[in-house]
Amino acid sequence: MTDENIRQIAFYGKGGIGKSTTSQNTLAAMAEMGQRIMIVGCDPKADSTRLMLHAKAQTTVLHLAAERGAVEDLELEEVMLTGFRGVKCVESGGPEPGVGCAGRGIITAINFLEENGAYQDLDFVSYDVLGDVVCGGFAMPIREGKAQEIYIVTSGEMMAMYAANNIARGILKYAHSGGVRLGGLICNSRKTDREAELIENLAERLNTQMIHFVPRDNIVQHAELRRMTVNEYAPDSNQGQEYRALAKKIINNDKLTIPTPIEMDELEALLIEYGILDDDTKHAEIIGKPANAK
């Protein structure tokens with residue numbers, strides 16, 4: 001069973017936004033502060049723990065279960081490894097592409113962990129979830145009442161904001177039945193114009209906060225090449241301090257809200273206001289015309 005005092009958080013975000021990197025660097029900083037943490041990777045890529053373990057990809061619960069015949073045939077020690085600063089690491093894994101539902105695998109893995117005592121002596125459990133759109137499968141940690149506190153990693157790019165709004169819509173769907181709340185937007189900067197201001201504006205419309213603006217810094221890539229978090233690779237770096245600042249904000253966060261997702265027209269108007277998207281009315285005469293059109 002799960003200790004009621006454990007805070008169960010989840011990081012969602014568009015594919016390629018830097019969600020797994022941001023979450024691992026933040027959780028490493030939280031572990032430095034004495035928080036007892038378990039990461040449950042819910043992405044079929046199984047890359048949610050690699051910086052903690054200095055590994056390419058951790059063997060997943062579903063992969064081992066398929067080898068053995070059933071998840072009941074596994075031992076906890078086979079699927080739960082210990083990484084940087086004692087962080088417990090598990091990857092749920094996913095089915096073969098085009099076969100089955102990843103969400104079913106996620107909940108199978110979580111139930112196995114709960115039944116085998118993995119949730120004892122922890123302060124935080126963090127679910128790292130694929131989430132361009134919160135489909136039924138990847139919403140499983142929310143639907144099943146596991147993840148209670150959601151952080152959306154986004155940026156000032158159109159598709160990242162579009163995904164953030166969709167994820168907010170998924171949270172709203174289960175907010176009243178399951179008690180899940182939005183903890184905030186994390187802006188993982190892509191250096192777009194007026195990016196912090198734009199995400200602050202989006203956060204306000206979604207009835208949440210931009211909990212932190214993470215600046216872009218090549219030291220993140222240098223650390224990733226070594227399969228390390230920034231906090232381990234360059235603990236005194238400015239970027240390491242940014243992740244520590246975000247970690248503190250999450251630990252102390254009491255602004256957990258029911259989101260108010262916006263309509264596509266409002267999102268487009270916001271993007272036009274900040275110059276991310278061109279106003280159709282300005283270019284009505286060229287919309288839909290090929291390059292060779294006169």
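All residue numbers here begin at 1 and follow the chain in the order shown.
Any Cβ shown, glycine's included, is placed from N, Cα and C.
Taken from Swiss-Prot as is:
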BINDING   Gly13, Lys14, Gly15, Gly16, Ile17, Gly18, Lys19, Ser20  ATP binding site
BINDING   Cys101, Cys135  [4Fe-4S] cluster binding site
MOD_RES   Arg104  ADP-ribosylarginine
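Note: the CA-CA distance between the residue listed as 'ADP-ribosylarginine' and Gly13 (ATP binding site) rounds to 20 Å. Contacts of Gly18 (ATP binding site) defined by a Cβ separation under 8 A and a same-chain sequence distance of 6+ are given as Val153, Asn188, Val220, in order along the sequence. Within the set of binding-site residues (Gly13, Gly15), the lowest number of other Cβ atoms found within 10 Å of a Cβ is recorded at Gly15. Of all the recorded positions listed here (Lys14, Lys19, Arg104), it is Arg104 whose C-beta has the fewest other C-beta atoms within 10 angstroms. Cβ neighbours of Gly16 (ATP binding site) (same chain, under 8 Å, six or more residues apart in sequence): none. Long-range Cβ contacts of Ser20 (ATP binding site) within its own chain (separation 6+, distance under 8 Å): Phe11, Gly41, Asp43, Asp47, Ser48, Asp128. DSSP assigns Gly13 (ATP binding site) to a strand segment in the three-state reduction. For Ile17 (ATP binding site), other Cβ atoms within 10 Å of its Cβ number 25. In the three-state DSSP scheme, Ser20 (ATP binding site) is classed as helix. Other residues of the same chain near the ATP site, with their Cβ within 8 Å of the Cβ centroid of Gly13, Lys14, Gly15, Gly16, Ile17, Gly18, Lys19, Ser20, are Val153, Ala160, Asn188.
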